[in-house]
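Asks: Please see the structure below; I have some questions.
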Amino acid sequence: MAGQTIIVSGLNPAAILQSTIGGGASPTAAAAAENGTRKVIPLSRDALQDFMLSIITQKLQDEKQPFYVLDLGEVVSLMDQWKSALPNIRPFYAVKCNPEPSFLSILSAMGSNFDCASRAEIEYVLSLGISPDRIVFANPCKPESDIIFAAKVGVNLTTYDSEDEVYKIRKHHPKSELLLRIKPMLDGNARCPMGPKYGALPEEVDPLLRAAQAARLTVSGVSFHIGSGDADSNAYLGAIAAAKEVFETAAKLGMSKMTVLDVGGGFTSGHQFTTAAVAVKSALKQHFDDEPELTIIAEPGRFFAETAFTLATTIIGKRVRGELREYWINDGLYGSMNCVLYDHATVNATPLAVLSNRSNVTCGGSKTFPTTVFGPTCDALDTVLRDYQLPELQVNDWLVFPNMGAYTKAAGSNFNGFNTSAIVTHLAYSYPS
């Protein structure tokens, strides 16, 4: 499911994190244990670029293949931010966002649980030594074979939003606990809305609760998802209010007391996260302050993944048309850059002119030109950037793309024989500058 991980020699990872998290098992050690290795590179945060240059010059002189750098320090920082802003909400990381094994391992070591959407994702998480009680099978419409597998391995918490799903679960996994997935009335203007596909409408809540009750299934709570990427935090307010109404409806039907609220995903790091956390806590206080025993979970994906990964690509071709510069790189829309199409992402590139301008590899102060950057495949759709300003570069120079952890390699293909799954990941641990 994920590519190879390369660990570059450095200090003992347990020592690196000791002062950061204060004893106990080291998340970095857990991450580096993948493939039986135990070392990462400790860096100041502003030294990541130098680290990437060292990889380019020392490790990839001949291959010149694209690679990722996973900054474990950024992951630790993001988990600290989560625990500070939402201390009572336990994250179930959305595996679909980025299943890199070292990344999942460090999240697990720091206490994250996992949101899986398929048998394959469940198998993958279990293969990392993570117990099934730390998984929510958060797909409201599952193949029967996947439900059978979940029952077999002990994944006992799942979502539903249709009567047919009730019948499948009753038949194949009657001990499962259910979360009724509801549709938020506002999708938050998210780049990737979830409402058109998933979530019970208000008028469907009562029949769906009754269906589960008649099937003698336990409905433990409610889930929702306001959509992914740049969602309006106000959408949480209405969704949490609607969830409270479902709790009340279940109580009126004489069902067992609901104990779980899943506030879904849609969280983005930075200022938007701060705003979202305030909105979520405000709504929880307003609607669930009388539920002290309530377990609250969330399904963040991009919050943890997006800024932790940086992608480096090689320029493999060049064409000049007047002032226009056109470059081909060895990753594109059918690979890591599929986020441009499917996640509606905007990517940014930084040059590393290791061949053409070694005395000024970042090309600081250099003249820039309107530039088009193409991916490597033969499809004209495979265009990463248009009308983008870049300096004069040459074949075998590099373009580096930050913030490439969310819905990138995870959804890439091997179209035209360009093997996305073969892109390697190097590990580093950065400290704040």
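Cβ atoms here come from the backbone N, Cα and C positions, even for glycine.
Fair warning: this is a prediction, and the values are worked out from it, not measured in the lab.
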Asks: For the pyridoxal 5'-phosphate site, Swiss-Prot lists Ser228, Glu299, Pro300, Gly301, Arg302, Tyr407; sort out which one of Gly199, Gly266, Gly332, Gly375 goes with them.
Replies: Gly266
Asks: Compute the C-alpha separation of Asp343 (substrate binding site) from Tyr407 (pyridoxal 5'-phosphate binding site), stating it in Å without decimals.
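Replies: Tyr407 (pyridoxal 5'-phosphate binding site) has its Cα 7 Å from the Cα of Asp343 (substrate binding site).
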Asks: Could you say which of the binding-site residues Gly266, Pro300, Gly301 has its Cβ with the most other Cβ atoms inside 10 Å?
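Replies: Selected residue: Gly266.
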Asks: Sorry to bug you, but what's the C-alpha spacing from Lys96 (N6-(pyridoxal phosphate)lysine) to Glu299 (pyridoxal 5'-phosphate binding site), rounded to the closest Å?
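Replies: The separation of the Cα atoms works out to 11 Å.
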Asks: Which one is it: of the recorded positions Lys96, Tyr342, Cys378, Asp379, whose Cα lies the shortest distance from the Cα of Gly301 (pyridoxal 5'-phosphate binding site)?
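Replies: It is Lys96, whose Cα lies nearest.
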Asks: Among residues Ser228, Gly266, Glu299, Pro300, Gly301, Arg302, Tyr407 annotated as binding pyridoxal 5'-phosphate, what is the maximum Cα-Cα distance? Answer in Å.
Replies: 14
